[in-house]
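**Q** Can you read through this structure? Questions will come right after.
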Amino acid sequence: MKIAVIGAMEEEVTILRSKLEQTNREVIANCEFTSGFYEGKEVVLLKSGIGKVNAAMSTTILLDRFKPDVVINTGSAGGFHHSLNVGDIVISTEVRHHDVDVTAFDYEYGQVPNLPAAYKADNALIQAAEDEASELGHIQVVKGTIATGDSFMSDPDRVAFIRGKFEDLYAVEMEAAAVAQVSYQFNTPFVVIRALSDIAGKESEISFDQFLEQAAKHSTDLVLRMIKRIN
C-alpha cells in the first residue's frame, strides 16, 4: 500500500516530512515530492503549491509517476458551516468547484462539463478518518462538503454568494477539487482532511495568519493516525 499525502504550503507538509524515514526528495516542475516510510507504510508526500492549476499539475505527476494506491489531501481551510470554529477538522464526503459556472448549458453550478458535479470521497478513507478522529480529544471533527476556488474567501459578498449556491457547505479552500478531479480521472481513491485556519468572511486574512500553524498541526495529527490504520 502506497499512500500519497498532498499539502499546498510548507506549513502544511513540514510536520509529516519530519516524521518520514528513509526519505528521497525530488523536485519536478517546481513541485516537491518526498518519498519515505512512516510506521512501516510507504508514503509519498507532495508539496503542490497553492491553487487549482498547481494542484492539478502536481497531482497528475504524482499519480502518473509514483502510482499511489490512495490520496489524502491535507492542510488548512476556511470554515463555512455555522457550527464550526477555528481549529476544527472537516473530513470530505464530497468535493466541488465553487468558481465554475457552465449553467448556461444545463450543467450544475460548479460542474466542469462532462465530469461529475461532485467528486465523492472514498468511504473506507472517510471511515479511517472518523475512527481516528475519536482519539484527538478536544478537537471537533465533522464530515461534509468541501468546495474549491482560486480565491481566498475574505469578501462577505462573495461568501454570501457561495452560500447561496451550496446548501450544506462545510469548508472552502484552493486545491481539493483539483486533487479530487485528477484522482477521479486516474480512478484513485481520495479523501480531503482540512483543519480550519479561519471562518470565511470574518476577518479571514487576519485569522489565517494567526492560526495556519495550528490548523496544519491538527490536520497532520489526523493524517498521521490514518496512515497507521490504512491497509
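Every residue gets a Cβ built from N, Cα and C, even glycine.
The active site, proton acceptor feature in Swiss-Prot is assigned to Glu12; the stated evidence is sequence analysis. Residues or ranges marked as substrate binding site by Swiss-Prot: Gly78, Met153, Met174, Glu175. The feature active site, proton donor is assigned by Swiss-Prot to Asp198.
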**Q** Which whole-number value in Å describes the distance between the Cα atoms of Asp198 (active site, proton donor) and Met174 (substrate binding site)?
**A** 14
**Q** With an 8 Å cut-off on Cβ distance to the Gly78, Met153, Met174, Glu175 Cβ center, who else from the chain surrounds the substrate site?
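**A** Output for this site, in sequence order: Ala77, Thr148, Gly149, Ser151, Phe152, Val172, Glu173.
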**Q** Could you state the whole-number distance in Å separating the C-alpha atoms of Gly78 (substrate binding site) and Glu12 (active site, proton acceptor)?
**A** 14
**Q** Taking the Cβ of the residue listed as 'active site, proton acceptor' as reference, which residues of that chain separated by at least 6 in sequence fall under 8 Å from it?
**A** Lys47, Thr74, Gly75, Ser76, Ala216, Ser219, Thr220
**Q** Count the Cβ atoms, other than its own, that fall within 10 Å of the Cβ of Met174 (substrate binding site), considering every protein chain shown.
**A** 23
